[in-house]
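Over in Swiss-Prot, the protein carries these features:
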TOPO_DOM  1-26  topological domain 'Mitochondrial intermembrane'
TRANSMEM  27-48  transmembrane segment
TOPO_DOM  49-62  topological domain 'Mitochondrial matrix'
TRANSMEM  63-82  transmembrane segment
TOPO_DOM  83-228  topological domain 'Mitochondrial intermembrane'
BINDING   161, 196, 200, 207  Cu cation A1 binding site
BINDING   196, 198, 200, 204  Cu cation A2 binding site
BINDING   198  Mg(2+) binding site
C-alpha cells in the first residue's frame, strides 16, 4: 500500500503493475528530455539575438520539427498499445470473484464455490485498534490465492462505482445492469488496499477494498472454513 509522504507509485503486486511502472518511467524520461530541449531553446532565444536578414526559408528545420515529434510519439505509442493489449487479455481463470458495488460497501461472491459470499464494510474509527489503517480496513477481506490467474467480474446494484487496487494495476467500473471483467495474477503474499474510484454519493470515501493474498493451500483451507 502507499506510505506516508511517498512520492512514488505503490509497490507492484502483479506483472501488469510492473509493466505500468516501467511505462511510466519510460514516458517520464522522454518528457524530461523534451522539457530540457525546449527550455534550452527558450533560454537561448532570450539571451541571444538570432537575426539573419537573408534567411527566407528553412526547409530542413521544418522537416526536422515535423519528423522528430512523430518519432517521439511512436516511441510512446508502441509500448502503450502493447500494455493496453496485455491489460485487456483474459487468461483462463482458476478463480472467479464477482464484485458488486453498493452504497456504500462491497459484496463478494465466489462463483466457483457454493455458499461463499459476504459483504465487506469499512471498520469505523471507534472500532479500530492500532494495527489497522483508518478508512482502509474492512470487516471481511476478499481472500485470493497468489500465483494464480484470477478473474474479477464487476457490477453495481445502485449507482456507478469503480473497483480499484492500485498495487495490482486494476481498475474496473461497476455499472448497474452491466458486467465488466478484468484479469490479473498476484505474485506475492500480502494485504492489498484500494478504494472506490468513482464518485458514488455522500459516503464515497468510506467504501474501501481489501484483498488478502495467500498461498493456494491456505486459500483452499479458507474456502473449506467458509463452507462449514
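The backbone N, Cα and C atoms fix where each Cβ goes, glycine too.
Recorded features from Swiss-Prot, shown on the structure.
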residue: 161; record: Cu cation A1 binding site; DSSP class: strand
residue: 196; record: Cu cation A1 binding site; DSSP class: strand
residue: 204; record: Cu cation A2 binding site; DSSP class: helix
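With a cut-off of 8 Å between Cβ atoms, the residues of this chain six or more beyond the topological domain 'Mitochondrial intermembrane' (1-26) that come close are 76, 79-80, 83, 86-87, 133, 136, 166-170, 184-188, 190-193, 213. Per DSSP, the topological domain 'Mitochondrial intermembrane' (1-26) is made up of 12 helix, 0 strand, 14 coil. If you look at the topological domain 'Mitochondrial matrix' (49-62), there are no same-chain residues 6 or more away from its ends with a CB under 8 A from one of its CBs. Report note: the Cu cation A1 site is defined by 161, 196, 200, 207, and the residues of the same chain whose CB lies within 8 Å of the CB centroid of those residues, excluding them, are 101, 103, 104, 106, 162, 174, 195, 197, 198, 201, 204. When the topological domain 'Mitochondrial matrix' (49-62) is classified with DSSP, helix, strand and coil residues number 4 helix, 0 strand, 10 coil. Each residue contributes its Cα atom, and for residue 204 (Cu cation A2 binding site) and residue 196 (Cu cation A1 binding site) those atoms are 7 Å apart. Taking the Cβ of residue 200 (Cu cation A1 binding site) as centre and 10 Å as the limit, one finds 21 other Cβ atoms among all the protein chains shown. Taking CA atoms as the reference points, residue 198 (Cu cation A2 binding site) and residue 161 (Cu cation A1 binding site) are 5 Å apart. Counting residues per DSSP class in helix, strand and coil order gives 27 helix, 63 strand, 56 coil for the topological domain 'Mitochondrial intermembrane' (83-228). Comparing the binding-site residues 161, 204 by how many other C-beta atoms lie within 10 angstroms of each C-beta, the top residue is 161.
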